Amino acid sequence: MGRPPCCEKIGVKKGPWTPEEDIILVSYIQEHGPGNWRSVPTHTGLRRCSKSCRLRWTNYLRPGIKRGNFTEHEEKTIVHLQALLGNRWAAIASYLPERTDNDIKNYWNTHLKKKLKKINESGEEDNDGVSSSNTSSQKNHQSTNKGQWERRLQTDINMAKQALCEALSLDKPSSTLSSSSSLPTPVITQQNIRNFSSALLDRCYDPSSSSSSTTTTTTSNTTNPYPSGVYASSAENIARLLQDFMKDTPKALTLSSSSPVSETGPLTAAVSEEGGEGFEQSFFSFNSMDETQNLTQETSFFHDQVIKPEITMDQDHGLISQGSLSLFEKWLFDEQSHEMVGMALAGQEGMF
């Protein structure tokens, strides 16, 4: 069953302390000091138990006890210690020497407990409000981010459209300018060179001459990559043609100047055989020499114009065969020889 409480003993007084009892207890503790609380009732003659004497001294009579309202620091300390130690008020009061355990307990039960409950409730509300505000702010932030992204995308699209329109607007005037500038000024291209060369060849060569040289072109086609009537028109061929034409002009002149003299030689011999007398032969030969000199000057000019393109073209691509050139020369010189014979006979008739 344990030891019975001391207050239940016979002759032990209960209830509040009187001022006289307080004075006796304070005078004894000042003389002997606080301690050995079991001997205090017997030495002082107080009809109180030892526990009642200790609590009366600790909570009310000892010096340095602070009365009145608790400060904010004391409240925080009490709340913190109560959370750590629980309802052990004496241990909590040891950390606050100016406050008694009874005062701390009473203040906790009457004020701090209710205040802390309100703070927790308001904190929960605040947390709910903060969480709701956080969620709403997050939603707003997401929506703002989304709106900013959409606006940025729209601006990028608008900028791309504007750049495209500017590029097209720049292309249009440039194209119109190029078209307007290309009208008055000719543009040198490979196609234009081909057209020009084909038109030039069509003007220079007669289609009827191609029919007469069909026999010679069949043989020349086997050796030359291009037929006599076809000209491979390109910038390179025209450049080569011009270069070879400039190089071959002295050759053509030498050929034209030398060939008529050799070919007119048999003409004078033939005319001399037809004559009978030596004087007539010498006179005719003298006249014929003068005429042949004039003819050589005239024929050299024709040879320069005829042989130049044919020799150069034949050296480059073999476009006009050698047979057609020889036929043309024979026809030309035969016609000149007949005219020359007629002129000589007319001169003889005048003399005789």
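Residue numbers in this text run from 1 along the chain shown.
The backbone N, Cα and C atoms fix where each Cβ goes, glycine too.
DNA-binding region is the annotation Swiss-Prot gives to one range among 89-112, 329-352, and that range is 89-112. Per Swiss-Prot, the range carrying the annotation DNA-binding region out of 37-61, 237-261 is 37-61. Mapped onto DSSP classes, the domain 'HTH myb-type 2' (66-116) shows 36 helix, 0 strand, 15 coil. According to DSSP, the secondary structure content of the domain 'HTH myb-type 1' (9-65) in residues is 31 helix, 0 strand, 26 coil. Confidence over the domain 'HTH myb-type 2' (66-116), given as mean pLDDT on the 0 to 100 scale, stands at 90.
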